[in-house]
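Trainee: Mind looking over this structure? Questions follow.
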Amino acid sequence: MLNRENKTAITRKGMVSNRLNKFSIRKYTVGTASILVGTTLIFGLGNQEAKAAESTNKELNEATTSASDNQSSDKVDMQQLNQEDNTKNDNQKEMVSSQGNETTSNGNKLIEKESVQSTTGNKVEVSTAKSDEQASPKSTNEDLNTKQTISNQEALQPDLQENKSVVNVQPTNEENKKVDAKTESTTLNVKSDAIKSNDETLVDNNSNSNNENNADIILPKSTAPKRLNTRMRIAAVQPSSTEAKNVNDLITSNTTLTVVDADKNNKIVPAQDYLSLKSQITVDDKVKSGDYFTIKYSDTVQVYGLNPEDIKNIGDIKDPNNGETIATAKHDTANNLITYTFTDYVDRFNSVQMGINYSIYMDADTIPVSKNDVEFNVTIGNTTTKTTANIQYPDYVVNEKNSIGSAFTETVSHVGNKENPGYYKQTIYVNPSENSLTNAKLKVQAYHSSYPNNIGQINKDVTDIKIYQVPKGYTLNKGYDVNTKELTDVTNQYLQKITYGDNNSAVIDFGNADSAYVVMVNTKFQYTNSESPTLVQMATLSSTGNKSVSTGNALGFTNNQSGGAGQEVYKIGNYVWEDTNKNGVQELGEKGVGNVTVTVFDNNTNTKVGEAVTKEDGSYLIPNLPNGDYRVEFSNLPKGYEVTPSKQGNNEELDSNGLSSVITVNGKDNLSADLGIYKPKYNLGDYVWEDTNKNGIQDQDEKGISGVTVTLKDENGNVLKTVTTDADGKYKFTDLDNGNYKVEFTTPEGYTPTTVTSGSDIEKDSNGLTTTGVINGADNMTLDSGFYKTPKYNLGNYVWEDTNKDGKQDSTEKGISGVTVTLKNENGEVLQTTKTDKDGKYQFTGLENGTYKVEFETPSGYTPTQVGSGTDEGIDSNGTSTTGVIKDKDNDTIDSGFYKPTYNLGDYVWEDTNKNGVQDKDEKGISGVTVTLKDENDKVLKTVTTDENGKYQFTDLNNGTYKVEFETPSGYTPTSVTSGNDTEKDSNGLTTTGVIKDADNMTLDSGFYKTPKYSLGDYVWYDSNKDGKQDSTEKGIKDVKVTLLNEKGEVIGTTKTDENGKYCFDNLDSGKYKVIFEKPAGLTQTGTNTTEDDKDADGGEVDVTITDHDDFTLDNGYYEEETSDSDSDSDSDSDSDRDSDSDSDSDSDSDSDSDSDSDSDSDSDSDRDSDSDSDSDSDSDSDSDSDSDSDSDSDSDSDSDSDSDSDSDSDSDSDSDSDSDSDSDSDSDSDSDSDSDSDSDSDSDSDSDSDSDSDAGKHTPVKPMSTTKDHHNKAKALPETGNENSGSNNATLFGGLFAALGSLLLFGRRKKQNK
């Protein structure tokens, strides 16, 4: 099993130790060295032959029997699949054309490589072990080809010319002879009839039993790792180091990491393909027992396959010649690390070289889906080797709505162990396409007819099935590395729906499914001691209405290897190194120097006995030297190097021996002849200073600038070093070789470079921003650079309100405060932001020379004025965005003007001729009408008059609410207001409100129509019969003066009656008037209001109201006064006392019913006919008793008593019907019938005593001269006494009075008095 959290391999209790395992199992096409890979099985593509991973092997068509020969009883009911045909899914390039129930007549069909999906790399491998095998460091690998191994070893062997006496140690024991076994994997051909379900429901009812659908599954051979018989010298045993240390820096490696396309289908799949890791490792002789080096691999790599125990196959490195362990392996899978610890082998042998040839895996856990340019890397020691690959997982097997995929995810096999044969796990994706399936069933079967040695099994005693439901939309790992914590365990829901068959099969009934499921089958291997066991397990998904689809997996077995070898010698050697600190002692980090010649002389004979040239790492070896004293001389040192001090320290293996020294070989190698050399180094630099006077020369009072970055480059422009100046402005580059260098100074912030190479003293001038410095056997401290503080300038000016919108600042125009102004550099980056002050001024300070961008934010309620008006840039507007240039002085010319946008308000005053309150097309404007504009507080703002077309307009108005008042033009009357629903056509009346909101308001109209004029007048006539009525025979009176007064009593007109007595006042408006008739001389006012309004007399003063029509009813009549001549002489003394008592009771009952119907249509002309019939009956009874005694002499006394009772009952019924039709002319007929009955009884008793001498007088009241006319032109007399019906009562009363006093009345005298 595999712990996915820390990638630590976990083995089950009781697992056989790997050292007893003869075989190990690898995943198909993962390509691990010395493995046979596992494959995913699906149906083939016809008669095409699949290609092996490395080469095509002879196919063993071992399974040619028909499906019927291998069928066993299966109880699963899948009858619904019988009639279905399977077709190829064009989208599945890795799929096959023959699936499910389909049978063809093509005979045996081979499954192409594209049809085989291998298991995934879940960081576990499979090992097989025979329990009777003994542990042996020289493991027998029957899959290895010795000839190929040896040739590869030689290919990897370095050309060590000094080892001419090396003897190759060849394996001689029987175990090593077994290495000659072929490494080729046997190609297994699997017939599809064996893959077919033995359940009859999976066989097409229409198929011919002779037409077998056979598909061959081919397992390609795998390339085994090549053992390296690495040549080594045998050294004398050295004391082991007391403390183990990491010696990654003391090993060198030549490594290749190759992605192997095992099935050569141009697709890299972690489960099918693998990585080939080959490396030749050279161990420095300084390495001691207990020291270690590491191999680090990336997260995308794992070092074992399906079996956690198989990690030991990448294990200790051994000498293949004698089986001796060179380095032991320790795995840290959590950190992707292998630590190799050296044994004392390295103490006893020199020039140890090791070769590894591993097949390692791609980790599907970190590569869950197909992805391009996936990096894989392995670091051996300190050297990292990388490669990349485009990962392309095969698609799921799909047929119609059915889809499936599977892989072996863990396999541990113990071949030959009956008690613990091992286990394996297969992961199956059911319905990964998340289609809705009906009656879905999954059949899992550990059987294939082409694999007779299949050690898989499925039954309820050894098999454990887990079922997980996948959330909708969840992305499954295409490498089948499943994190079950993210899924839902539904195993318990399906326990009763799992049916085990007798043919190593199980069927899971999912019923109706619309989501994906993950099925994990965990089962045990069958016991086997076969030399070539295989594992095959199939999975088939069926559902109603869809063709079934199948997939499967297969595995084979083999091993990994590594190794090395050596030979005992005596030699002199060690190391030439660059002693960078010149202390004469080798230290960590100091590197070797190659191509130095080392010559060894026999010190006794001065004979040259050996010569070598140091390798690139500085090491050298002079072999085959017997015991004795030798002189070692070093020559041909690299140019420019000098020798470090010799014999420093107390460790002769680490010190320097100098150019020539004598050493002794005594029974062991002498590796102490070292030489330390160093390359003299020089300095380059000087000074960065502030050139305050800008003369380009360092003056005594000018100080350095700290913190300036200085960069050193080689002649090719490669950066070598970077430093910053110190507090004094000094800088220095140290440890430089002779050569030409480039020095670059970074301009410090706020400074400007001074002039370059002023004067003649190169140590005092400025070399500028970039200069070249030469080192030639001495320091160069002359490279200086001067800077002066960059002058700062200001930019800005003014934002103003351009009230007249001319784009120029006028003296009366004021600044706008609070306007945001932004300064940007040439790249559009914001440098500063400010706001204008109360006077509209703004300024950006501290600016260097350059081009700037200034942006003005338009203030609320304003609009930018025109740009660039006039020729004076100091007062014009630069707009809302402009460019300002600073060149050695301030720039105070950047202005921007804005004005408040104003709008217009107004429209139209028109003559509404039809008085409908709506502007019609033919109605024209009224000119000269005064219109007043006020603000909300009634303050008058402007006054205009309408033009000749009736138009008016108020301009330059701000947003706001205004009041508009229209003055009624003379002779006009305002029309109706807001008629209709068109605000632009109706009348807003005399006073209205107008709102301006960011636009003109031209909707405020007012309509008027011409005020009608009327006439007033009629007639003054001579009332000859004094009855107060105009008779046809009575004529008018001319030259009677008539005066007209208005309501205020002011005289507005005077006229005289014409020769016919007619008069008229014209051009009058509706209103109240008073008409005064001046009585003609010698005439008397006749009675008033005696009859109809147009025939009677209205009196001397008449109040009248004109309402929308003429009034020609104002008449007045006069009659001529009577005259009398009498001569009388009378002497009379008369005393008259008169007492009159009068009691009068009057009861009057009056009932009046009046029904009137009137329909009237009137335009402008009216003709009226009126007929009136009136019948009046009046009965009056009056009884009067009068007693009168009169004594007349000269004195007359009269007493009169009168009692009068009057009862009056009056009933009046009046029916009036009036119909009037009028268009432009109106005719009106009015018929009125009136019946009036009046009964009156009057009783009057009067007693009168009168004493009269000669004179008797009586006064009677006169009818008033002034009457009031109402608007109906009906005259009404001013009230006298009583009510309107008092006329009849008074008649009765006066009748009684006249009867009682008849003798006393003198008619002639009364007329005189009336006059």
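Every residue gets a Cβ built from N, Cα and C, even glycine.
Sharing the feature lines straight out of Swiss-Prot:
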SIGNAL    1-35  signal peptide
MOTIF     23-34  motif 'YSIRK-G/S signaling motif'
COMPBIAS  62-71  compositional bias 'Polar residues'
COMPBIAS  94-108  compositional bias 'Polar residues'
COMPBIAS  130-145  compositional bias 'Basic and acidic residues'
COMPBIAS  146-155  compositional bias 'Polar residues'
COMPBIAS  163-173  compositional bias 'Polar residues'
COMPBIAS  174-183  compositional bias 'Basic and acidic residues'
DOMAIN    569-680  domain 'CNA-B 1'
DOMAIN    681-791  domain 'CNA-B 2'
DOMAIN    792-901  domain 'CNA-B 3'
COMPBIAS  860-869  compositional bias 'Polar residues'
COMPBIAS  972-981  compositional bias 'Polar residues'
DOMAIN    1013-1123  domain 'CNA-B 5'
COMPBIAS  1091-1101  compositional bias 'Acidic residues'
COMPBIAS  1118-1134  compositional bias 'Acidic residues'
COMPBIAS  1142-1164  compositional bias 'Acidic residues'
COMPBIAS  1172-1254  compositional bias 'Acidic residues'
MOTIF     1278-1282  motif 'LPXTG sorting signal'
MOD_RES   THR1281  pentaglycyl murein peptidoglycan amidated threonine
Trainee: For a three-state summary based on DSSP, what are the helix, strand and coil counts in the compositional bias 'Acidic residues' (1091-1101)?
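Mentor: Helix, strand, coil within the compositional bias 'Acidic residues' (1091-1101): 0 helix, 2 strand, 9 coil.
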Trainee: Going by DSSP, how much of the domain 'CNA-B 2' (681-791) is helix, how much is strand and how much is coil, in residues?
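Mentor: Counting residues by DSSP class gives 0 helix, 52 strand, 59 coil.
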Trainee: When the pLDDT values for the domain 'CNA-B 1' (569-680) are averaged, what is the result?
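Mentor: It averages 90.
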Trainee: How many helix, strand and coil residues does the domain 'CNA-B 1' (569-680) contain under DSSP?
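Mentor: Counts, helix then strand then coil: 0 helix, 50 strand, 62 coil.
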Trainee: Pull the DSSP breakdown for the compositional bias 'Polar residues' (972-981) and write it out as helix, strand, coil residue counts.
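Mentor: Tallied per class, the compositional bias 'Polar residues' (972-981) gives 0 helix, 3 strand, 7 coil.
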Trainee: Can you break down the compositional bias 'Polar residues' (860-869) into helix, strand and coil residue counts using DSSP?
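Mentor: Here the numbers are 0 helix, 2 strand, 8 coil.
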Trainee: Provide the three-state DSSP residue tally for the domain 'CNA-B 3' (792-901): helix first, then strand, then coil.
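Mentor: Summed over the domain 'CNA-B 3' (792-901), the classes give 0 helix, 50 strand, 60 coil.
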Trainee: Going by DSSP assignments with H, G and I as helix and E and B as strand, what are the residue counts for the domain 'CNA-B 5' (1013-1123)?
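Mentor: Helix/strand/coil tally for the domain 'CNA-B 5' (1013-1123): 0 helix, 56 strand, 55 coil.
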